[in-house]
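Q: From TrEMBL, here are the annotated features:
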{"type": "REPEAT", "residues": "55-96", "note": "repeat 'WD'"}
{"type": "REPEAT", "residues": "96-137", "note": "repeat 'WD'"}
{"type": "REPEAT", "residues": "139-179", "note": "repeat 'WD'"}
{"type": "REPEAT", "residues": "261-293", "note": "repeat 'WD'"}
{"type": "REGION", "residues": "317-350", "note": "region 'Disordered'"}
{"type": "COMPBIAS", "residues": "325-334", "note": "compositional bias 'Acidic residues'"}
{"type": "COMPBIAS", "residues": "335-350", "note": "compositional bias 'Polar residues'"}
Amino acid sequence: MAMRQTPLTCSGHTRPVVDLAFSGITPYGYFLISACKDGKPMLRQGDTGDWIGTFLGHKGAVWGATLNKDATKAATAAADFTAKVWDAVSGDELMTLAHKHIVKSVDFTQDSNFLLTGGQDKLLRIYDMNKPEAEPKEISGHTSGIKKALWCSEDKQILSADDKTVRLWDHATMTEVKSLNFNMSVSSMEYIPEGEILVITYGRSIAFHSAVSLDPIKSFEAPATINSASLHPEKEFLVAGGEDFKLYKYDYNSGEELESYKGHFGPIHCVRFSPDGELYASGSEDGTLRLWQTVVGKTYGLWKCVLPEEDSGELAKPKISFPETTEEELEEIASENSDSIYSSTPEVKA
């Protein structure tokens, strides 16, 4: 019996959503943070998309956002030449870390004691969260602005990506171990600790490399330019999205395309699987986040599968409630503002 993928649409941002990250699974569930060009990163309940709060304080577009493992701290990277660290429970700003240029990426160590940043000044910086007044350690070597910087190998190494290069660094010696060069711009990078896998997207390619050696594992080609890809925690599937507004789901082992569907009213900038693998989130130029089920029709979060009467002949589809904005309302907004939908996205209400 066929099931139709029905996403949850999370509105509230007023500009393109350019980054998102999930926390680990906590006693209170898991959480989702989104970075947006409106300068107001938002925190949500991960399985439902329900809005929890907005971190207020940046004076420019927020390009990167992350949560620590237990969702007690958040960090954001912005165009106002700062990275900020927040109390994710109270929403209070804990520290502002001044940089010399736009900051694009932030990442906590597993114990939350250190924060890694990267940005347009081509430097990696490591801040000691227990000594906020101390100068950060700096690692130089990139030749263009850093797009993503991530801890890996139990925080013993660092992965970073600039325009056409991915580099692996040793944390202890602060030296480069190895690098990968690409013939086109690297659009995203995801690190999977279980199995030490690195997911890199560039052009239409989705490439998988060893995070320890940077040796290639496999790669897939998509029908359109891909901006982001994410591997399922069990390494069964991967999802990707990009310039053609579509989301693609592939079998990781065979590379077979399992599903594709138009997900947004603008290019997709970021996709990530939840820590339990039950759903994945996507952020778009249209100013919305959407949550999608990995297994369509399963009762989970706000999704409840309701099977029709046997004689009706209808297709089974999950019955859900949309937070804030329905599909019909979004389509109406899209038709009225076809050239700039995100400027009219409704504000979230507490």
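Note that Cβ sites are derived from N, Cα and C of the backbone, with glycine treated the same way.
A TrEMBL annotation is a machine prediction, not a hand-curated record.
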Q: For the repeat 'WD' (55-96), could you work out the same-chain residues 6 or more beyond its ends whose Cβ comes under 8 Å from its Cβ atoms?
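A: Contacts with the repeat 'WD' (55-96): 15, 18-24, 26, 28, 30-31, 33-43, 102-108, 110, 112, 115, 117, 119, 129, 132, 148.
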Q: Please list, for the repeat 'WD' (55-96), how many residues fall into helix, strand and coil according to DSSP.
A: 0 helix, 22 strand, 20 coil
Q: Based on DSSP, tally up the residues of the repeat 'WD' (261-293) by helix, strand and coil.
A: 0 helix, 19 strand, 14 coil
